[in-house]
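According to Swiss-Prot, the feature active site, glycyl thioester intermediate maps to CYS233. Residues or ranges marked as active site, cysteine persulfide intermediate by Swiss-Prot on the basis of sequence analysis: CYS405. Taken from Swiss-Prot, the feature ATP binding site applies to GLY86, ASP107, SER114, ASN115, LEU116, HIS117, ARG118, LYS131, ASP175, ASN176. According to Swiss-Prot, the feature Zn(2+) binding site maps to CYS216, CYS219, CYS291, CYS294. Per Swiss-Prot, the feature disulfide bond maps to CYS310-CYS318.
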Amino acid sequence: MDETDSQITCADSSVDKLSHLKRNEVKSCPLPELHGADEMLPELNKSCLTNPDILRYSRQLVLPDLGVQGQLKLSKASVLVIGCGGLGCPVAQYLAASGIGRLGLLDYDVVEMSNLHRQVLHGENRLGMSKSVSVAKTLRKLNSAVVYLPYHISLNPENALQIIQQYDIIADCSDNVPTRYLVNDTCVLAGKPLVSASALRWEGQLTVYNYHQGPCYRCLFPKPPPSETVTNCADGGVLGIVPGIIGSLQALEVLKIASGMAPSYSGVLLMFDALEGRFRNIKIRGKKNDCAACSNPSETAILQDYEAFCGSSASDKCRMLRLLSRDERLSVEEYKRLLDDHVPHILMDVRPQPEVDICRLPHSIHIPLKGLEEKNEKWVSFLRTKIAELITAGNRTEKTVITICKLGNDSQIAVKILQDLFGKEDLFIAKDVQGGLMAWAENIDPMFPRY
């Protein structure tokens, strides 16, 4: 430490604290007020490292590529983490531990039990608490010298610029397409580097947008994908450690930029496959001269309706499709009455096998949606056999098939396929259960597992 000490020109026995917060404590209410475009956050003017700083950061201070000057840059940097979930938790944790000066934590959501396997800064005692406040509360116990600003709000075209322009670096840890476009366009307008990551199932991706002359998100994706092809963690699942790994690498990119080093993934996409244990770097195309966002930032349509543009909600919650008419759907209450009245029918569970293994209604048959979409002869033949058994057992000619899934999305798709396969047959009726098995658990059987 002698070499490091010789570089320190001054020392202070105290560490910086937030004036409105006690040490190692965060208030859950009230939340910080949003600052307008003309009410900029105060500049972080730290001129030297304190003795407590030297002790706390000593293991990274001795790194030649960082050193005292790099640590000072970190202490004067402000980072906004958008999304305090599976990615945002490791990002915020390592940024706080490394000594970032100010950390904005933005999330509209509250902590739920299904978050805890991957969102490791929350806990069972935080259920129902604002995620941004929960993260700030945990991190203040880790490093009270960092300024934490939790925002319990949804980012939208009306508030995005006034928030983002007050930070040096933006970490996009969101889980929906409209927010990614909104954050990208706002970063272009504000001239901020954007460190963006995603994680789904066993895979993760990471890249840096809008850094120097590098591309932005719209350069790569001028148009959003069809909403029905987009899968998030709630729909597709994710192994908890995958966002932990990608989020840690995301924090590393932020730290490099904040300390004055060049990021590794500007113009490069990192792809991680947890099943194979493999990392791959893919060079991505450069900045587009005709990009709608970064070719002329002053004309970027920051106030556009991003949900309409993407055809999906700016939320990581499961989307709700509306493919069927009301007459083609049954509420869980209506289906319960149908059961109680012993109306002959086939209940077809169209979820993937791993979900069926979690829970199922005992009288249902299982035909996965994928098998129907592919018109797999095995599954079509199986269904025809069950329909024949229904007619024989009930001494009826009416063929009623009711589809069910987790939330009532795939079941609607299944009805459309059934109508295509069997719709021309006499007395064939296909309907789905609105809200699926989770609505059944919510409104009919509280002991039915929720996932």
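Glycine is treated like the rest: Cβ placed from N, Cα and C.
Taking CYS291, CYS294, CYS310 as the recorded positions under consideration, the smallest Cα distance to ARG118 (ATP binding site) is found for CYS310.
Each of the recorded positions CYS291, CYS294, CYS310 was scored by other CB atoms within 10 A of its CB, and the lowest score goes to CYS291. Listed in chain order, the residues near the Zn(2+) site other than CYS216, CYS219, CYS291, CYS294 are ASN184, VAL188, TYR209, ASN210, PRO215, TYR217, ARG218, LYS287, LYS288, ALA292, ALA293, SER295, each with its Cβ within 8 Å of the site Cβ centroid. You'll find the Cα of CYS310 (disulfide bond) roughly 14 Å from the Cα of ASP175 (ATP binding site). When the Cα atoms are compared, LEU116 (ATP binding site) and CYS219 (Zn(2+) binding site) turn out to be 35 Å apart. Cβ neighbour counts within 10 Å, taken over all protein chains shown, single out CYS405 as the most crowded of the recorded positions LEU116, CYS405.
Most Cβ neighbours within 10 Å among the binding-site residues SER114, ASP175: this distinction goes to ASP175. Using a 10 Å Cα-Cα cut-off from CYS405 (active site, cysteine persulfide intermediate), none of the binding-site residues among GLY86, SER114, ASP175, CYS216, CYS219, CYS294 qualify. Between the alpha carbons (Cα) of CYS291 (Zn(2+) binding site) and ASP175 (ATP binding site) lies a span of roughly 23 Å.
Once the Cα atoms of GLY86, ASP107, SER114, ASN115, LEU116, HIS117, ARG118, LYS131, ASP175, ASN176, the listed binders of ATP, are compared pairwise, the greatest separation found is 20 Å.
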